[in-house]
Amino acid sequence: MGQRKFHCPYCNIYLKRVSIKQVQKHNQGNKHVSNYIEHWKKVMITHQNEQNRAQ
């Protein structure tokens, strides 16, 4: 049977043999939260720029 892997797209890491609690702990970590916020800031800026160009 294969190993359970979890890929975090915000931190760009793979966690091997993870449980739900380990994923939750990762998601609450300072680095993950910071990466998550930065990702969505970039998405919002890109979206706003596209809207401004369309006007």
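Cβ from N, Cα, C; glycine included.
Those TrEMBL annotations? Automatic predictions, nothing curated.
The following features are taken from TrEMBL:
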- 4-37: domain 'U1-C C2H2-type zinc finger' (DOMAIN)
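Mean pLDDT across the domain 'U1-C C2H2-type zinc finger' (4-37) comes to 95 in this model.
When DSSP labels each residue, the domain 'U1-C C2H2-type zinc finger' (4-37) comes out as 16 helix, 8 strand, 10 coil, counted as helix, strand and coil in that order.
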